[in-house]
Amino acid sequence: MPEAEMKEEAPEAHFTVDKQNISLWPREPPPKQDLSPVLRKPLCICVAFTCLALVLVTSIVLQAVFYPRLMGKILDVKSDAQMLKGRVDNISTLGSDLKTERGRVDDAEVQMQIVNTTLKRVRSQILSLETSMKIANDQLQILTMSWGEVDSLSAKIPELKRDLDKASALNTKVQGLQNSLENVNKLLKQQSDILEMVARGWKYFSGNFYYFSRTPKTWYSAEQFCISRKAHLTSVSSESEQKFLYKAADGIPHWIGLTKAGSEGDWYWVDQTSFNKEQSRRFWIPGEPNNAGNNEHCANIRVSALKCWNDGPCDNTFLFICKRPYVQTTE
């Protein structure tokens, strides 16, 4: 390569390394070829020291000017950082407190809902109580009015009691008259029934009707005739009845309802009246019943006397007496 080209490509700046510091400055114009190498070297050193001194002075000046400001800024930054840290701590504390307060607010909302529900229930109860109170007041007014009426009636009680006593006495009299009227009506009805039966040929005695036949029949035929008239051959249950019968028979034999079953049987009344054997002893003709010929199983009234009963064959034909109890009918 030609020397001229190498000169053109030579570096146009110089630098030195001093304890890790690098200094760079522009290349001085190429020394004249007439300077000796010994003179060029000290000159370069002086320039380098001069530049270095300028750099140091500039650095010191800059530090003197900007260091206080920089330190102030650093202190401000530290202060701001400390303040921010305090605020962050405060914010963390506030966040925790906020969470606590939020929980309290939630609890308060729940309590508020409970209170609102309770308040609604209380209001409903108050309305119900007001309604009940109104009803009670209305009833109280009615009771007050009724009490006034009671007071008014209380003053009339003595008079009403006297009227009630009079009415009770009058009612007793009316009841007595009504009972008497009913008895009279019963007697009239009884008299009417008796007259009707008498008109049909019956006789009345002590609550019974008696029919004295005009046609003689056997004992069995006579009983069938009585049954057709809702009666039976007569029974005798007292001495007064015995006297009535034999007097009405007037000494003419009449069949009565006393019979027995066979020669060894007991006497009985066909109308189911209980037969009093001891009492009947006073009504038999002396020596009767004798069951003459072992065929006398039916009794008749034979004579006009208290002792008028006689036993005879049931196939004999006699007049007869039917007996029918009087039963009052209601219309």
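Any Cβ shown, glycine's included, is placed from N, Cα and C.
The annotation topological domain 'Cytoplasmic' is assigned in Swiss-Prot to 1-41 on the grounds of sequence analysis. Under the heading transmembrane segment, Swiss-Prot lists 42-62, citing sequence analysis as support. Annotation source Swiss-Prot lists topological domain 'Extracellular' at 63-331. Residues or ranges marked as N-linked glycosylation site in Swiss-Prot (evidence: sequence analysis): Asn90, Asn116. The coiled coil annotation in Swiss-Prot covers 106-197, and the record cites sequence analysis as its basis. According to Swiss-Prot, the disulfide bond annotation covers Cys226-Cys322, Cys298-Cys314.
Sequence features annotated in Swiss-Prot and their locations in the structure.
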residue	record	CB count, 10 Å
Asn90	N-linked glycosylation site	11
Asn116	N-linked glycosylation site	10
Cys226	disulfide bond	25
Cys298	disulfide bond	28
Cys314	disulfide bond	20
Cys322	disulfide bond	25
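Between the C-alpha atoms of Cys226 (disulfide bond) and Cys314 (disulfide bond), the distance comes to 16 Å. If you take the Cα of Cys298 (disulfide bond) and the Cα of Asn116 (N-linked glycosylation site), they are about 110 angstrom apart, rounded to a whole number. Ranking the recorded positions Asn90, Asn116, Cys322 by the distance of their Cα atoms from the Cα of Cys314 (disulfide bond) places Cys322 first.
Annotation note: Asn90 (N-linked glycosylation site) sits in a helical segment as assigned by DSSP. Cys314 (disulfide bond) carries neither a helix nor a strand DSSP state and counts as coil. Cys322 (disulfide bond) sits 102 Å from Asn116 (N-linked glycosylation site), taking the CA atoms of both as reference points. The CA atom of Asn90 (N-linked glycosylation site) is located 36 Å away from the CA atom of Asn116 (N-linked glycosylation site).
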